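First up is the structure itself, then whatever we jot down about it.
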Amino acid sequence: MSYSTLAVVGCFTYPSTSAPNPNPKLSNSTARRKEFISLLKNCKDTNQILPIHAKIIRTGHDQDPFILFELLRLSSTLCSVNYASTIFQQVHNPNVFLYTALIDGFVLVGSYSDGIRLYYRMIDRLIVPDKYVITSVLKACGSRFALREGKEVHCQALKLGLSLNRSVTMKLMEFYGKCGEFDNARKVFDKMTERDVVASTVMINCFLDHGLVEQAVQVFDRVRVKDTVCWTAMIDGLVRNGEMNMALEMFREMQKDNVRPNEVTIVCVLSACSQLGALELGRWVHSYIGKHHRIELNHFVGGALINMYSRCGDIDEAERVFAMMKERNVITYNLMISGLAMHGKSIEAIQIFRGMIKQGILPTSVTFVAVLNACSHGGLVDLGFEIFRSMSKDYGIPPQIEHCGCIVDLLGRIGRLKEAYNFIQNMEIEPDHVMLGALLSACKIHGNFELGEQVARILMNHGAVDSGTYVLLSNVYASSGKWKEAAQIRAKMKEGGILKEPGCSSIEVNNEIHEFLLGDLRHPQKGKIYKKLEELNQVLKEAGHTPATDVVLHDIEDWEKEQALAIHSERLAICYGLISTKPCTTIRVVKNLRVCDDCHSMIKLIAKITGRKIVVRDRKRFHHFENGKCSCGDYW
């Protein structure tokens with residue numbers, strides 16, 4: 001928080017500048033003050049501050065409170081809070097405004113404890129706090145979760161009659177909300193004489209930050225006139241809490257209310273579209289950006305569009321957005337590389353990476369995860385190792401667990417399982433369950449059950465094992481016919497209260513998201529969906545498709561396995577797409593788990609028979625099915 005130098009006048013008595021001044025020295029001093037403050041305000045970096053500060057000291061103005069305030073404020077912002085702190089230590093009698101300037105500086109750089117300590121030092125020196133320093137220290141208390149200290153500040157505000165000041169009240173609500181003290185936050189809110197949209201938005205954020213969606217919605221519904229910030233806070237909070245459908249519905253309500261979104265709203269909505277695979281709504285948002293010139297295609301919005309198109313299955317449009325952007329930063333490049341890798345366009349991803357290096361943009365740790373994933377999806381082993389080695393050698397970025405995981409995945413995919421195992425054994429980093437799970441999955445795919453059991457034993461002793469890993473362990477045993485061991489793993493899951501994540505597939509039709517589970521019977525058009533499924537199964541049999549019952553890893557009869565395969569969620573979503581969309585249009589499905597081998601083979605045939613392009617996004621990547629082939633080349 002910064003304040004004008006006029007604010008400092010309240011603590012000092014100076015002759016009026018408009019009245020005749022018989023003292024030429026005082027007049028000269030005032031002129032000097034204005035000169036130094038003007039020079040400081042024009043500073044853009046550290047190098048410009050230092051000579052001005054030296055001149056301030058030489059001319060004896062180093063105790064002028066007006067100049068000191070500007071110097072402290074600017075030093076904290078541009079230079080260093082340590083430098084500002086050193087300046088403050090030389091002040092003979094700092095006033096409340098100088099304390100505020102330095103506390104603001106501590107808060108700005110995240111040194112919240114230092115800010116709180118400085119406030120207590122101010123109180124010990126019997127300097128009376130004002131509303132500005134109260135709001136600043138409350139921000140520090142909230143960010144530090146310092147509940148006791150924040151309550152003490154609240155008591156001081158009450159004694160000084162500042163607790164009903166609007167800015168103090170806002171910060172009190174925010175402080176209590178961050179500390180999870182919702183009753184106290186609500187009491188402060190209820191005592192406000194003007195509970196307007198701004199105050200309500202602060203309260204909404206308090207609830208949403210802690211996942212209390214229902215309470216946030218209740219406050220939101222009571223706001224009579226909602227502005228862009230209020231709508232955006234609600235949409236953003238819903239996205240952060242995983243309520244994507246509700247966020248998109250809220251955005252539609254915002255449109256009906258004739259409230260214009262800003263770029264933050266747009267990015268939040270695009271994020272929801274990305275996670276749900278709501279391509280059509282994402283396209284509408286893109287067209288909205290084009291029509292309203294107040295929203296620019298900057299790094300922020302452009303990156304969100306690239307991410308949305310990539311994750312919704314239209315990588316070509318993502319590339320067009322990338323090409324249209326006048327300026328690109330490392331985040332934009334990371335999103336484009338990651339998107340191309342996800343769609344199996346490994347060579348294109350490498351080209352973008354090399355183009356980024358030529359532009360002089362330094363890659364980050366995230367860049368290397370994206371480009372190594374591209375190498376993994378494309379089976380580019382030599383190039384993958386070359387890039388992996390260049391991380392530390394050329395860019396000083398030490399490999400982390402995610403980068404090592406990409407190498408293990410790369411080796412595992414092409415069947416170099418022993419090499420992948422040795423890589424893990426020789427790593428300086430302790431392998432996590434994700435990396436070990438990737439190798440175990442590769443062992444299952446390539447039929448190396450001996451090494452698979454070895455990896456399984458390491459995983460079981462690992463500790464941090466999620467439901468997906470347990471299922472994978474069970475499947476590895478079942479694949480080798482060890483039904484007893486597979487059953488033991490599932491029993492262990494049950495004992496530990498670990499639930500298997502259910503397979504769920506979604507499809508967007510007419511701007512609505514339709515979700516399907518395994519054997520789902522909830523959809524209003526379930527009769528037509530299952531009729532289409534029967535027709536397809538018949539056509540597929542005539543085309544020579546034999547269900548791969550070996551992927552159903554349960555000790556049951558083959559006909560039961562065929563039935564289990566036939567009702568997988570992605571098949572139901574595809575059937576709904578076939579009956580509810582126009583011929584020749586692309587069908588896009590999002591699945592939360594990996595597509596099984598049988599569904600992968602079946603979708604290739606469906607795409608060929610129906611003449612449709614079918615795009616499926618699973619947990620790992622995208623599959624573009626067209627003319628009986630898949631973009632992954634059956635390598636996923």
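Cβ atoms here come from the backbone N, Cα and C positions, even for glycine.
In TrEMBL this protein carries:
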- 95-129: repeat 'PPR' (REPEAT)
- 165-199: repeat 'PPR' (REPEAT)
- 227-261: repeat 'PPR' (REPEAT)
- 298-328: repeat 'PPR' (REPEAT)
- 329-363: repeat 'PPR' (REPEAT)
- 466-500: repeat 'PPR' (REPEAT)
- 544-636: domain 'DYW' (DOMAIN)
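Break the repeat 'PPR' (165-199) down by DSSP state and the numbers are 26 helix, 0 strand, 9 coil. Away from its own ends, the repeat 'PPR' (227-261) comes close to residues 197-198, 200-201, 204-205, 207-209, 211, 213, 216-217, 220, 268-269, 271-273, 275-276, 278, 281, 288, 292, 295, 513 of its chain (Cβ-Cβ under 8 Å, at least six residues beyond either end).
Residue counts for the repeat 'PPR' (227-261) under DSSP, helix first, then strand, then coil, are 26 helix, 0 strand, 9 coil.
The list of residues near the repeat 'PPR' (165-199) in space but at least 6 beyond its ends in sequence, with Cβ under 8 angstroms from a Cβ of it, reads 131, 134-135, 138-139, 141-143, 145, 147, 150, 154, 157, 205-207, 209-210, 212, 215, 223, 225-227, 229-230.
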